[in-house]
Amino acid sequence: MGSQVNDVEEVVQAWYMDDDDNAEEDQRLPHRRQPDDLLPLAKLLDLGLVAMRLDADNHEHDENLKIMREQRGYLHMDIVELTPEKMPNYEVMIKRFFEEHLHTDEEVRYCLDGSGYFDVRDENDKWVRVSVRKGALIVVPAGIYHRFTLDTNNYIKTMRLFSGGPDWTAYNRPHDHLPERKKYLEALHNRTPRFGQLHRIRSKME
């Protein structure tokens, strides 16, 4: 299991963000605390996230991706690129993505190229920044407050996976009354074990 975690940590890293809420600060900077200790992947799993590494160069024929999609019921997908060259309203859009929100379904993103940051709230409402690079697949659970931004490379190509028709509705904070939010908080407070879930997925893929 240790080697699997190390493989994932090459493309997924996480740390607590600094407390600088200055609107003038570039959201695309790392915003690490000092000292900038990395968090173990188990912390992400405790928060309900799933992180794994797949072969991005072979995504069209990757049996591991196929198995993972079958196991989790991801029947549909599309591929999007975020970059100033392909989005005339790029700066407006990344500001919109950076607004704190939640979804009523899990958000699944597979980084095929480039890089970016997912920020998620921990159990004490602190921001955890999750860096994803090529090969990283991350599942953000329904009901968790989060946001997304590109980093200073200003480019990411992602596969979006979903089980039903795509519903990108974002509920900006506060939306604590939603059932999905209540279910997430219940699972978080009960410390529902998730590391085993990741292990089962990976063991069936190998």
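Yeah, the Cβs are placed from backbone N, Cα and C, and that goes for glycine too.
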Given that Swiss-Prot lists HIS101, HIS103, GLU107 as binding Ni(2+), which residue among HIS76, HIS146 does it place in the same site?
HIS146
With H, G and I counted as helix, E and B as strand and the rest as coil, say where DSSP puts GLU107 (Fe(2+) binding site).
strand
Intrachain C-beta neighbours of GLU107 (Fe(2+) binding site), sequence separation six or more, cut-off 8 angstroms:
VAL139, VAL140, HIS146
Three states by DSSP: which one describes HIS146 (Fe(2+) binding site)?
strand
Quick check on the binding-site residues HIS101, HIS103, HIS146: which one has the highest count of other Cβ atoms within 10 Å of its Cβ?
HIS146
Any further residue of that chain within 8 Å (Cβ to the Cβ centroid of HIS101, HIS103, GLU107, HIS146) of the recorded Fe(2+) site:
LEU102, VAL140, ILE144, TYR145, ARG147, PHE148, ALA170
